Amino acid sequence: MTAINFRNLAHHTIDISSPEVFFVGNNGQGKTNILEVLYLAAYGNSFRTRTESELYATHARSNEYRVKVMYRGEYTHTVQIFSKNGKKRIEKNLKKIRTKKELISSIPCILFFHNDLDFVVGTPERRRFFLDQSLSMCNPLYLEYLQKYHALTKTKNREIKEKRVQLLDALDTQIATVGFDLVQWRTQLVRDFNVIFTKYYERLGDLAQVRIEYKPSWSDSSVEEIVHSLYKRRKHDLAMGMSMSGPHRDKIHFTRSQALFIPQASTGQRRLVSLVLRMSQAVFYTGVTGKLPVLLMDDVLLELDPEKRERFMMSLPPYDQLFCTFLPGEAYRRYGREKTRVYFVSEGACHE
């Protein structure tokens with residue numbers, strides 16, 4: 001991995017070929033920035049910001065950065081990202097990519113991050129994002145349909161705001177056709193996830209029957225029924241100035257014994273839900289693709305008691321590689337294996 005002018009990272013290349021790579025250092029030294037580079041190479045965007053200029057090193061003479069990650073999985077992939085003045089170019093194996101669909105399967109990263117708690121206590125949009133990400137990782141067609149659905153909904157909302165109803169019939173037919181498949185994929189995902197999620201949560205949290213519940217905005221069982229429902233809801237949409245139903249309004253809850261779980265859950269139980277979601281995502285990805293993911297874990301053990309930390313690390317799903325960040329006082333060596341590589345990070349530089 002090489003980074004040039006990226007946040008506070010020093011300009012050098014580090015060997016990340018070990019099965020486990022640990023980055024140890026105090027806060028603010030650059031540990032998370034390293035994981036950010038790996039995530040950037042996997043998805044084409046940061047998990048911390050949508051503002052490209054925030055990624056430029058403050059000491060750089062120009063507003064640009066370059067990162068390069070070589071990943072040897074089933075095939076060897078080299079991903080390079082060049083960014084200058086807010087414009088980004090991504091190359092995979094020296095060829096420019098035009099859509100994220102071309103990149104997303106190259107380095108199958110799953111990130112455990114403290115902001116994952118948003119999937120549990122945040123807005124419905126954040127929980128939908130988690131479902132979308134889980135499906136997009138292993139189903140390129142889902143990502144294509146999702147992008148098409150959002151484009152159609154955006155067009156429909158524009159027509160609604162302008163009170164132009166002539167195109168709404170045609171738009172609703174397209175939205176129903178694409179949206180129906182999205183709902184089917186999400187329904188099956190949650191069904192598959194629950195087999196994994198419930199088992200892991202019981203193992204780590206000593207609590208049975210914690211489940212994910214998916215509540216689609218549409219209850220219709222065919223495209224034709226959805227088209228009819230959208231027509232009946234049109235007056236309401238026009239009154240509200242936007243489309244009020246569809247996959248962009250779906251809800252996801254966590255339940256236990258058919259009651260909502262999160263309102264009564266402790267802080268630790270909520271954090272564990274976010275961790276088990278990511279574990280389930282990794283297992284699901286492997287089950288669908290037959291490939292092992294790369295796990296990125298950024299200071300996610302801090303809120304767990306020592307016993308649960310140990311149990312969590314021992315229960316990690318199979319992975320191709322594991323990248324973890326730790327504070328110096330944590331028992332990181334206990335989690336290492338024979339070939340684990342440990343880097344100590346200080347002021348953006350790594351040393352062994």
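FYI, residue positions are counted from 1 along the chain as it appears here.
Each residue, glycine too, has its Cβ placed from N, Cα and C.
As annotated by Swiss-Prot, ATP binding site applies to G25, N26, N27, G28, Q29, G30, K31, T32.
Positions of Swiss-Prot features highlighted on the structure.
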residue: G25; record: ATP binding site; Cβ within 10 Å: 22
residue: N26; record: ATP binding site; Cβ within 10 Å: 11
residue: N27; record: ATP binding site; Cβ within 10 Å: 9
residue: G28; record: ATP binding site; Cβ within 10 Å: 11
residue: Q29; record: ATP binding site; Cβ within 10 Å: 19
residue: G30; record: ATP binding site; Cβ within 10 Å: 22
residue: K31; record: ATP binding site; Cβ within 10 Å: 26
residue: T32; record: ATP binding site; Cβ within 10 Å: 22
Notebook entry, point to check: Setting G25, N26, N27, G28, Q29, G30, K31, T32 aside, what same-chain residues sit with their Cβ within 8 Å of the center of the Cβ atoms that define the ATP site, listed in sequence order?
Noted result: T325, V345
